[in-house]
Amino acid sequence: MASLWMLYASFAFAAMGAGVKLASEFYSTSELLMYRGLIGTLILLFMVRRQGGTFKTDFGKAHLWRSLVGVTSLWLWFFAIGRLPLATAMTLNYMAPIWIAAGMFVMGWWTKTKHAEWPLVVAIASSFFGVTMVLQPAVESNQWLGGLAGVCSSMISAMAYMQVRKLGQLGEPEYRVVFYFSLTTTLVGLAATLAGDGPQGALFHGHTAYGFLLLLGIGGAALIAQMCMTRAYRVGKVLVVANLQYTGIVFSTLWGLILWGDAFDWHVWLGIGVILLSGLAATFYNTRKTARGAVVKDQDPVVSES
């Protein structure tokens, strides 16, 4: 059942990405950020209050840091989605586990507390090769800014994931972590829109029925994805669940083919495959080194897209 929860989450994240790409024709990146956060905040506020939960926390600074890092990553990812083929933007975002592995490797080498773990070195080096293959057409077609945003998004997203783990270890429930992230997303998106990322001559872009439905879909899909992923990590084996998150690349590719007729050269497909396999290898190796693949109950690895 855990595998199904993870597949639901991956599909929902891919659907959210497709919605963001469609809605980017009508709204700015900051507006999309604001509406995505607002919808999630309102839904969680209603659900938690109805179930008698509380948003009171003793870890305000930790929530603030996680939220600011996550919002920055999410803004860059939305920016990349609006300027790159959906599968390309999603693939770059899924590099976060590679950055986590790279960071751990560098820290171990710097502090001389760990020796070089060559399986991780190979996985990291392979993933960077894959990125060059994926980004080659983006650079050639003057989409390099979107590609750079996607890479930076995955780097910052890795920091957000580590902070989520820390909050989980401190005993914070997932709904509280997601709520404060969604609230911060709303406020930052609003501030950025008012600061000049909105339309010329107006505070916000006007709504159409189609645009409004897209916004609802983005917010709803994001929240569903977060909840399904959290459930998957709670009831399933970490190795299996973490590997299944990469099915999001497959779903995103299908969305791109259906909605935009995205067609890639062989080297882009090769790059996507290399990144996917490198991520699987890094996840497998890290999980095997940590409790030999056992479920880690005191942490919830990745409970959000950023």
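For all residues, glycine too, the Cβ spot is worked out from N, Cα and C.
When the ranges 6-25, 266-285 are checked against TrEMBL, the one recorded as transmembrane segment is 266-285. Among 33-52, 64-82, 94-111, 208-226, 64-82 has the largest number of CB pairs under 8 A with the transmembrane segment (144-164). When Cβ-Cβ distances below 8 Å are used as the criterion, the transmembrane segment (64-82) is approached by residues 17, 20-21, 24, 29-30, 32-33, 36, 89-90, 92-93, 146-147, 149-150, 152-154, 156-157, 159-160, 163-164, 166-167, 177, 180-181, 183-185, 188-189, 192, 304-306 of the same chain, each at least six residues removed from its ends. Within the chain carrying the transmembrane segment (33-52), a Cβ under 8 angstroms from the stretch's Cβ atoms is held by residues 20, 27, 71, 74-75, 78, 175, 178-179, 181-190, 192-193, 215-216, 218-220, 222-223, all 6 or more beyond its ends. Secondary structure of the domain 'EamA' (145-278), assigned with DSSP and counted as helix (H, G, I), strand (E, B) and coil, comes to 110 helix, 0 strand, 24 coil. Taking H, G and I as helix, E and B as strand and the rest as coil, DSSP gives the domain 'EamA' (3-135) the counts 107 helix, 0 strand, 26 coil.
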